[in-house]
Amino acid sequence: MEFDYDLFVIGGGSGGVRAARLTAQDGHKVALAEESRMGGTCVIRGCVPKKLMVFASEYPEAVGFARDYGWDATIGKFDWSAFSTRMNQELDRLESVYETNAEKAGVKIYHSRVTVEDAHTIKLSDGQTCTAKHILIAAGGHPVRPDMKNADIGMVSDDVFNLKALPGKLLIVGGGYIGCEMAGIFNGLGVETSMFIRGAQILRGFDEETRGHIADCMARRGVTIHTGCAPVEIERRGDKVWVKGSNGHQEEFDDILWATGRKPNTRDLIAESVGVKLDRKGAIRVDDYSQTDVPSIFAIGDVTGRVELTPVAIREAVAFHETVFKGNKTPVDHDLIPTAVFTQPEMGTVGLSEEDAAEQEPTLVYATAFRPMQQAFAGGEERVLFKMLVSRETDKVLGVHIVGPGAGEMIQFVGVALKMGATKADFDRTCAVHPTMAEELVTLKEPVRVLD
Ligand code: NDP
């Protein structure tokens, strides 16, 4: 059978564009449909603008420290509108880089919403249909509000990047990646920031001690964290929003940010008759090769609900391309993914938490917390945390957790070591780089706890 394309990709985010470019560069006929802006969540309404906002929000502290280093420095006022204009220009530039690079590789781009009609057919919003030998769904996800009265009053993370002005006082609901990163950003920009966390601690799923350390630092920096507290009532009162929490706490805010999780973009995407199966959360069910229940249809990235991280989506794209177009069956390796959460202070983490390591096997816990030189000199009280979990039996490093400036940069290289199967002895025989914070990784002497 003749097809219009060898590959039709749905979604112009990091994963979709990578798969489309690689396949087109091999000389295959490739099309890609994107209903919104090229670049997807990461570039347009996620990692990139978020990180720019983190940078913007860190200047007051940096200028404060500069004074202790002898500079006659004052910070002045923050101009959101000037920053936001500049940020949006950068996003426009990146969007056009994504589009141009895909086109240069020979990808035909459709700026259209599409639906999957059968195993090989895509329907565009103007009614036109295309056929493809393979379909790759990389449609991403979107932030969700909880199902409660007046939830539409608040914004979600997509809206943050288009704010006309900063709120004076903000409530963030949810203590996951997005809630905690946004709390640091708004707090740093001078917004009075509170969080409602329905559980007992922020950042569920990460190492307990690390979570506690970050929460303490955030609170000391000015974020008010209400734990065991979910909103139960919300009302607009004039230009304020009144919120009542499940613990009885009531307060008025200028705005609410729902950071209560994300959902895969699968609604009305695939006709039921096609046979692609979704899981309970609406994510596309795939095997180790990103293949769905329909052999010609594959899915990668957030739409599969595996690990919602840009570099993972990109790896899934590369593995898909190898498997389908290079005849080299490549499973996606989801083991030991290093990651950073751009809280303030920042966290870098790879491998098991203390709790998971202890569950798995007898574990030695090495940890140290200290005031880093640059900040201590300026009178900073905040401590950095370095934590390493080591197998008692094999000496293998099972997990590393770092909280402090540059934690994301450091954990990248720790990730390489762990991927190579490094032992504690390997770290110990590596010479320290002095004076740095990272040297703690190779000078951890005695375990602080032994978990049998
Ligand atoms: P998360 O699932 O990480 O966090 C959702 C938070 O909202 C949790 O604290 C959850 O509480 C809370 N919550 C959920 N429903 C309700 C409710 N009805 N009422 C009150 N609280 C609620 O989602 P995010 O949106 O923060 O992030 C989504 C994903 O995006 C992440 O998992 C990550 O993979 C990715 N991401 C990665 C980043 C990075 O790499 N730096 C940055 C941003 C996002 P509870 O814990 O009790 O369930």
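Every residue, even glycine, has its Cβ placed from backbone N, Cα and C.
Matching GLY76, GLY261, GLY275 to the NAD(+) binding residues that TrEMBL gives (GLY174, GLY175, GLY176, TYR177, ILE178, GLY179, CYS180, GLU181) identifies GLY261. Here the candidates are the recorded positions GLY176, ILE178, GLY261, HIS434. The one whose C-alpha lies nearest to that of LYS51 (FAD binding site) is ILE178. Just so you know, of the recorded positions CYS47, ILE178, the Cβ with the fewest other Cβ atoms around it within 10 Å is the one at CYS47. Listed recorded positions: CYS42, LYS51, CYS180, ASP302, HIS434. Those with a CB atom under 6 Å from ligand 1: none. For the binding site of NAD(+), formed by GLY174, GLY175, GLY176, TYR177, ILE178, GLY179, CYS180, GLU181, GLY261 according to the record, the largest Cα to Cα distance is 13 Å, rounded to a whole number. Compute the center of the Cβ atoms of GLY174, GLY175, GLY176, TYR177, ILE178, GLY179, CYS180, GLU181, GLY261, which mark the site for NAD(+); besides them, the chain residues with Cβ within 8 Å of that center are ILE172, MET182, ILE202, LEU203, ALA259.
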